[in-house]
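S.K.: This is the structure, below, for whatever I ask next.
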Number of protein chains: 2
Amino acid sequence: MKVLREKIQDEGIVLSDGVLKVDSFLNHQIDPYLMKEIGSEFARLFKAEGITKIVTIESSGISPAVFAGLELGVKVIFARKKKSLTLTDNLLVSSVYSFTKQEENTITVSSQFITESDRVLIIDDFLANGEAAKGLIEIVKKAGASVIGIGIVIEKSFQKGAEELKDLGYRVESLARIKSLTDGKVRFVEDQVEVRV
Amino acid sequence: MKVLREKIQDEGIVLSDGVLKVDSFLNHQIDPYLMKEIGSEFARLFKAEGITKIVTIESSGISPAVFAGLELGVKVIFARKKKSLTLTDNLLVSSVYSFTKQEENTITVSSQFITESDRVLIIDDFLANGEAAKGLIEIVKKAGASVIGIGIVIEKSFQKGAEELKDLGYRVESLARIKSLTDGKVRFVEDQVEVRV
């Protein structure tokens with residue numbers, strides 16, 4: 001997605017060889033117009049799949065997920081990283097390690113919102129080692145539902161998550177795929193492809 | 001906002017005289033179509049105010065805020081409740097007590113995203129004692145910007161937040177105002193008004 005790659009080049013800050021900061025439009029400040037375009041792109045990619053529900057994780061996955069949900073005409077569930085007093089029902093639980101926050105999170109989804117007949121699209125902001133995505137897959141499976149695909153805003157293709165998920169048979173659609181962050185520069189997998197063409 | 005009151009009556013669960021659970025469309029599962037309508041209503045209410053930025057707080061404020069931001073043509077910032085490794089800049093900090101989660105949260109916004117010339121609309125999902133709203137006001141003020149208004153999805157009018165904020169001179173626009181939750185029933189301030197008419 002060209003507009004996203006350009007935004008990352010213009011506004012992304014490379015903190016280290018492994019960490020890209022996109023706080024100006026995705027992870028802290030949100031650009032609603034870009035989020036709408038991202039949501040539309042996810043909807044376009046998965047519109048033929050009969051998606052009945054989107055599952056994401058708080059907080060940065062919510063914006064892209066709601067715009068995709070609006071366009072696909074389905075509801076969005078965000079997994080919680082912390083238990084709320086009002087989240088008291090039968091819970092689907094999984095454990096996710098966050099490298100960015102250096103902590104283990106128990107993520108939870110109330111079982112009443114995912115049924116066995118659901119065809120679920122998982123959406124998240126980043127895909128690195130795939131911890132969050134695998135946690136969400138585990139939750140969807142515990143509900144007896146089907147994971148139809150995984151939509152990612154920014155994939156760090158130099159980490160193992162995308163490949164592992166594809167090896168497990170999942171369709172992964174990442175709107176920007178980062179090949180490397182070395183020397184403080186963002187290089188996209190897509191750049192390479194374009195050069196070859 | 002009639003469609004919101006109807007949704008609360010249909011799907012809201014009264015957990016106690018003080019706690020309303022709306023996990024089916026706002027706080028856990030999200031109804032994107034309703035969120036779009038809510039965002040449009042905030043935009044309509046504040047469109048004459050020259051809003052330049054929306055500030056909300058993760059996680060449930062994000063959906064209504066991004067739709068309002070899209071329609072007002074402004075960016076949205078969500079305050080973080082927990083420090084991220086990638087949130088390393090000069091931080092605007094405030095302390096907020098959550099009665100729902102029974103804990104004190106330090107909320108943070110990176111100072112680079114709010115400037116002195118900003119005219120800020122604060123948006124949040126619930127207004128009860130006003131703790132979150134006051135924390136967000138403190139952060140906006142620390143940035144030297146102006147709080148133009150406060151948009152709330154569901155106001156618990158029987159708690160002190162709304163009145164206190166209005167006494168402080170803020171314009172508070174709540175799309176549903178709950179008069180009481182006694183006897184397991186949701187009664188709206190708006191119901192009373194309609195009976196009189």
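Cβ coordinates come from backbone N, Cα and C, glycine included.
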S.K.: In TrEMBL, B:Asn27, B:Lys156 are given as binding xanthine, so which of B:Leu20, B:Leu34 is in that site too?
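M.R.: The one candidate that TrEMBL places in that xanthine site: B:Leu20.
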S.K.: Could you state the whole-number distance in Å separating the C-alpha atoms of B:Gly130 (5-phospho-alpha-D-ribose 1-diphosphate binding site) and B:Lys156 (xanthine binding site)?
M.R.: 10
S.K.: Could you tell me which of these binding-site residues, B:Leu20, B:Ala128, B:Ala132, has the greatest number of Cβ atoms within 10 Å of its own Cβ?
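M.R.: Ranked by Cβ atoms within 10 Å, first place goes to B:Ala132.
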S.K.: Roughly how many angstrom lie between the C-alpha atoms of B:Asn129 (5-phospho-alpha-D-ribose 1-diphosphate binding site) and B:Lys156 (xanthine binding site)?
M.R.: 8
S.K.: With DSSP, how much of the domain 'Phosphoribosyltransferase' (B:47-164) is helix, how much strand and how much coil, in residues?
M.R.: 33 helix, 47 strand, 38 coil
